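Notes to accompany the following structure.
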Amino acid sequence: MIFVSIFLSFLVANLLGYGGGPASIPLMYEEIVNRYNWLSNTEFSNMLAFANALPGPIATKIAAYVGFGVGGWGGFFIALLATILPSAIALIFLLKIMRKHQDSVIVKGMTLLVQPVITALMLVLTFEMFQDSYHSIGIIQSGVIALVAFLLLQKWKVHPAFVIILAFLYGGLIVPHLS
Amino acid sequence: MYKDLILGMLRAGIFGFGGGPSVIPLIRHEAVTKYKWMDNEEFGDVLAIANTLPGPIATKIAAYLGYRQKGTVGAIVGVLAHILPTCLAMVFLFSFISILSHSPIITSMISAVVPVIAVMLGLMAYEFGEKAMKGLGIYVGIGLTIVCLILLQTFSIHPGIVVLVFLTYGAFHFKLKEKFIHKKERGQ
């Protein structure tokens, strides 16, 4: 019975969470805190802070933590399954159709017209990230890190993971001593 | 190769600080630049369709990349490599690190990564913008990008809906263009 509740709660939160992981956080809160009382309000925000400190997608980390807490390893996998499976299958199915007809003018037109939308979406995300960064470490730090990252990535073609590690070290060793 | 799939998705999962969006440029680096599983254009399609569907973006893309390489088993392997390390960390390290997640050093470590992610997203925007201009012409490409920005930012229309509208028009784009050229020729 508990597995059914776990499955349904994460299924609902993610199917209605239209717009990626962050959009489903309030819906998960509704299910986890208000409906099933699996976590208290404070526990939820502590968990969210922790989930934000770890890398990778947020929604799956929340599902793993709550699923494990409520139903052990069974709960862990069922919560993850409910979070990932439906939309992953839908994506695979839709893209399979598109690839099958990739030479048709219809699919070619769709592929072409999607480019400006992706450009705009990425610009919006870039802007939001810079804004976040400006609020947390200020304009000078953000600018210097961004410039160095740009040179490393674009000019010297360093692997992104390595650039992230460098930023991590800089953030841990130098940023706290600057203010 | 399963090894490439696992390594690529693993790296994208454990270095993507800042939630789903920060993972996108990392996944693209593995899939397009490093392992050349697909070209940038196809990745754009994947990203666009992923945006029209509910649920987390990164896991959907990981599942599709795995499926494209190795079928259903590949999809499962791709997703697990992408999410399992951090999901396990969530379970095992919680009490241990929840104290640390409030420490100023950890917070500034993570904030220092944010501008890097911003640059990666900006570079992606540039590449897709270049493609848009090549395919649609400079003026139409820039014009449509601005229209999208206004729809997304000024009118706060959901990205999935904007993608759907453009996909729908895109399906008729070449037919309409042909008609338009025919008309012009007849007019001359």
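Quick reminder: no glycine exception, Cβ is built from N, Cα and C everywhere.
Taken from TrEMBL as is:
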TRANSMEM  A:73-94  transmembrane segment
TRANSMEM  A:106-127  transmembrane segment
TRANSMEM  A:133-153  transmembrane segment
TRANSMEM  A:160-178  transmembrane segment
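Below 8 A, the CB atoms of the transmembrane segment (A:133-153) and the transmembrane segment (A:106-127) form no more than two pairs separated by six or more positions in the chain, fewer than 3 in all.
Non-local neighbours of the transmembrane segment (A:106-127) in the same chain are 98; each lies 6+ residues outside the stretch with a CB under 8 Å from one of its CB atoms.
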